[in-house]
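Worksheet: one structure, shown below.
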Amino acid sequence: MSRGRWRDMAAEELQQQYSPSRWARRLRGDAAVRAHIEAVTAGTQRARAGTRSSLHVPYGEADGERLDIYFPAEPSETFPAFVYIHGGYWQCLSKDASGFAAPPLVSRGVAVVAVGYDIAPKGHMDAMVLQVRRSLAFLAKQYSGIRGIYLCGHSAGAHLAAMVLCTDWTEFGVVPDIRGAVLVSGLYDLEPILHTYVNDALNMSWEVAQRNSPMLCITQAVPAAAACEVLVAVAQHDSPEFRRQSQEYSQALRSAGWSVSLLDLATVDHFDIIEKLSEDTYILIQVILNMIARG
């Protein structure tokens, strides 16, 4: 499917393509979403119980501008930071369900940062993108011990992480040392969303969708960007449209000189592809740890 293929779809088909819960393996519809929220929330509670952390750290003035930091098990003056941006179609979930990947990472010397942002309808797309960028600038300024930032986002969070990659940092007064990005089952072209139920809460105009589509704001890789390793991950049981978006975005990054790889994960769907980050033996955790080791 090329980037224009979705325009030929009937309205119902387009809704289905952009409804991840209709493609889930274990449960379908609302039950799949509920099970996912329960899984990542329970995983975050376990992480908070077993990890040294600083919770609800403000990176700005707004209520949603808070982040949680889970520190490495072994104290060290410097450490890499895995910065996680949650999904939820920009309108559900929070940082309080975003620490589930901490246990396998902090045990190997990696700090985990769960970023909060104002979801819709309170938050709108321009503001969410700005908040996530500001959270990265805050980390770079406030935590001198961070030795390399490794971004990770799931679904809508992968979209926000991708928007971080095309940031002009001059207005922020700092350039975060982003050495890697792991974009999981993400959306990189927002225009199709305008024609689905997802936009009911977001209320995006065409102009907002265009300027916040990572596909449309890829920068040519300057030396700093070329040193940032990008992994675009997609699930076997993601919808064809989600899979197309991942493939086309990774190709576009590669064409612009970025170091990028596409990982197609077998047996998983849109939800357990990220839930399994709580497991030591999960292939994506191993890939992330290898990325950090190279960085």
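The backbone N, Cα and C atoms fix where each Cβ goes, glycine too.
TrEMBL annotations:
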{"type": "ACT_SITE", "residues": "SER155", "note": "active site, nucleophile"}
{"type": "ACT_SITE", "residues": "ASP238", "note": "active site"}
{"type": "ACT_SITE", "residues": "HIS270", "note": "active site"}
{"type": "DOMAIN", "residues": "67-165", "note": "domain 'BD-FAE-like'"}
{"type": "MOTIF", "residues": "86-90", "note": "motif 'HGGXW'"}
Spatial neighbours, same chain, of ASP238 (active site) - Cβ under 8 Å, 6+ residues apart: PRO20, TRP23, SER185, SER246, ASP269, HIS270, ILE273
Positions whose Cβ lies under 8 angstroms from the motif 'HGGXW' (86-90), at least six residues beyond its ends: 40, 97-98, 114-115, 119-120, 123, 125, 128, 153-158, 185, 198, 201-202, 274
Confidence summary (mean pLDDT) of the domain 'BD-FAE-like' (67-165): 96
DSSP-derived helix, strand and coil totals, residue by residue, for the motif 'HGGXW' (86-90): 0 helix, 0 strand, 5 coil
Composition by DSSP (helix, strand, coil) of residues within the domain 'BD-FAE-like' (67-165): 36 helix, 25 strand, 38 coil
